[in-house]
Amino acid sequence: MVVEVLRLGHRWGRDKRISTHVALTSRALGADKILFVSNDDHVKDSVNRIVEQWGGDFKFDVVDSWKQYIWSFKKNNGIVIHLTMYGENINEIMKKIIEKRQEGKDSKNILIIIGAEKVPKEAYELADYNVSVGNQPHSEVAAIAILLDRLFEGSSLYKEYPDAKIKVNPSDRYKSVEIR
């Protein structure tokens, strides 16, 4: 299963920090790629620097048409999840999503849509699932973290990358970092 995150509405200059955090959280919790509808070299460079130091093959990409990308993704039997505070409760829909993902011979790829500003109506219509992580305003970073943790059932929290140049050794008393 491949998990991609599509960031809609990134506002260049205004959303650099939060979009970087969405990307890094996506990577840390198991996603394979983040897609933007416009390029932001600051975000791209930050993501690539983290991957270089901390390992893995997480990708940053830009799509010309987000609608076309979603259509193509769905055509290839992928599942599209839109994170929105107006969607179905994650506690009630997650089991159904996991079952759908495992349906058939191969597990299905997943595309998660996450907005920065008001998300166009078409995103709601194109999504297979409109999912809420609570019905109160909060950070999209929190929403993507919770969804990915539920999707991977906690297995991505302590994932190790063999090509990492930096590795944290958990400790209850002090910082322990291994530089390779």
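Even glycines carry a Cβ here, placed using N, Cα and C.
Noted in Swiss-Prot for the protein shown:
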BINDING   LEU83, GLY115, ALA116, GLU117, LYS118, VAL119, VAL133, GLY134, ASN135, GLN136, PRO137, HIS138, SER139, GLU140  S-adenosyl-L-methionine binding site
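Long-range Cβ neighbours of LEU83 (S-adenosyl-L-methionine binding site) (same chain, at least 6 residues apart, Cβ-Cβ under 8 Å): ILE112, ILE113, ILE114, GLY115, VAL131, SER132, VAL133, GLU140, ALA143, ILE144, LEU147. The binding-site residues ALA116, VAL133, ASN135, PRO137 differ in how many other CB atoms lie within 10 Å of their CB, and the one with the most is VAL133.
Compared over the binding-site residues LYS118, SER139, the count of CB atoms lying within 10 A of a residue's CB peaks at SER139. Residues LEU83, GLY115, ALA116, GLU117, LYS118, VAL119, VAL133, GLY134, ASN135, GLN136, PRO137, HIS138, SER139, GLU140, recorded as binding S-adenosyl-L-methionine, reach a greatest CA to CA spacing of 18 Å.
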